Amino acid sequence: METFLFTSESVNEGHPDKLCDQISDAVLDACLEQDPDSKVACETCTKTNMVMVFGEITTKGNIDYEKIVRDTCRNIGFVSDDVGLDADNCKVLVNIEQQSPDIAQGVHGHLTKRPEEIGAGDQGHMFGYATDETPELMPLSHVLATKLGARLTEVRKDGTCPWLRPDGKTQVTIEYYNENGAMVPIRVHTVLISTQHDETVTNDKIAADLKEHVIRPVIPEKYLDEKTIFHLNPSGRFVIGGPHGDAGLTGRKIIIDTYGGWGAHGGGAFSGKDPTKVDRSGAYIVRQAAKSIVASGLARRCIVQVSYAIGVPEPLSVFVDTYGTGKIPDKEILKIVKESFDFRPGMIAIHLDLKRGGNGRFLKTAAYGHFGRDDADFTWEVVKPLKWEKPQD
């Protein structure tokens with residue numbers, strides 16, 4: 001049996017880039033909660049002792065940007081300079097302007113267009129992917145890397161591993177078998193965890209705790225064997241972390257946010273963007289389409305692409321590829337997809353309820369992946385039943 005290795009990585013919520021994603025989405029939540037028609041393009045950057053939010057926001061809401069920044073940093077665990085940032089004493093800079101009137105008239109006619117008339121907020125192409133290798137219909141390499149990162153945060157916050165600090169990265173290499181286009185995971189080849197820690201803990205204690213409290217609860221035993229390689233804090237020291245260790249920017253972890261390197265990516269980031277931005281809403285609807293194709297038994301693995309022009313509601317193109325795993329020809333699946341899903345941005349926002357912010361709805365998406373999550377707020381993960389006739393043998 002011929003196999004191959006494939007690797008996906010993740011970073012947890014204390015990574016500086018992910019901190020920025022979460023702040024941008026916390027701002028989006030606040031805007032949509034007060035004004036569902038808010039137009040938001042919020043970027044964040046951070047470095048030692050400083051966080052800056054900047055971009056274009058038009059909202060009727062009264063937004064306290066500084067409070068959102070400090071609350072988000074504090075909730076992640078950035079409560080002192082020692083851990084990489086002090087939420088209560090760092091500098092917070094704000095440089096927000098209104099959305100360009102040129103864009104506003106072209107996309108939503110200064111809020112006068114009906115939902116079906118709303119144009120895409122920009123050009124671009126987005127991809128959705130699904131695979132039957134996990135119950136989430138997501139790639140296993142990505143699922144495990146993401147769950148390891150989430151577990152690192154869990155054992156830090158609940159006190160199981162008090163030596164942990166907020167910043168950390170994970171990476172999982174899996175040995176796969178290609179079964180006529182479908183991906184079948186055989187075993188975990190390598191697990192890599194690099195996590196920020198305090199001054200007192202030894203490397204032996206780090207390795208032992210990570211195996212016992214992080215890896216064992218996350219990775220099913222059937223995938224581990226005596227040949228599995230573990231790299232646990234291989235650099236030997238990771239005390240300085242968060243924005244003190246590295247600068248952070250919104251939109252720098254787009255593969256972690258999506259499919260861990262599987263499928264494809266059009267390049268557009270998600271966080272800090274309202275649903276007229278098709279980088280986000282377009283990617284969400286094609287994930288729902290791809291997931292529904294696999295869940296309905298039409299294919300074992302599938303990618304869907306959609307593309308847009310600024311100011312134009314209808315997509316320019318929709319593409320489906322089932323990697324040879326389709327039960328009927330791809331062109332017939334494409335027809336079903338076009339009949340079942342409305343790709344116009346204003347209609348995506350309605351069908352997926354994307355104008356509803358608050359309660360950390362979009363903040364939740366900004367760490368540990370936008371897809372494959374079991375949470376009612378992730379409306380794009382709801383499978384849409386697709387009607388099709390099984391071909392007669």
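Glycine too: its Cβ is placed from the backbone N, Cα and C atoms.
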Record-annotated L-methionine site (Swiss-Prot): member among GLU56, GLU136, GLU314 besides GLN99, ASP246, LYS277:
GLU56
What same-chain residues, at least 6 away in sequence, bring their CB to under 8 Å of the CB of GLU56 (L-methionine binding site)?
LYS39, ALA41, ILE96, GLU97, GLN98, GLN99, SER100
Within 10 Å of the Cβ of ASP246 (L-methionine binding site), how many other Cβ atoms are there?
16
For LYS169 (ATP binding site): DSSP state (helix, strand, coil):
strand
With Cβ-Cβ distance below 8 Å and at least 6 positions apart along the chain, what are the contacts of GLU43 (K(+) binding site)? List them in sequence order.
CYS20, SER24, VAL53, PHE54, GLY55, LEU249, THR250, GLY251, GLY272
Could you find out if DSSP has ASP246 (L-methionine binding site) as helix, strand or coil?
coil
Other C-beta atoms that fall within 10 angstroms of the C-beta of GLN99 (L-methionine binding site):
22
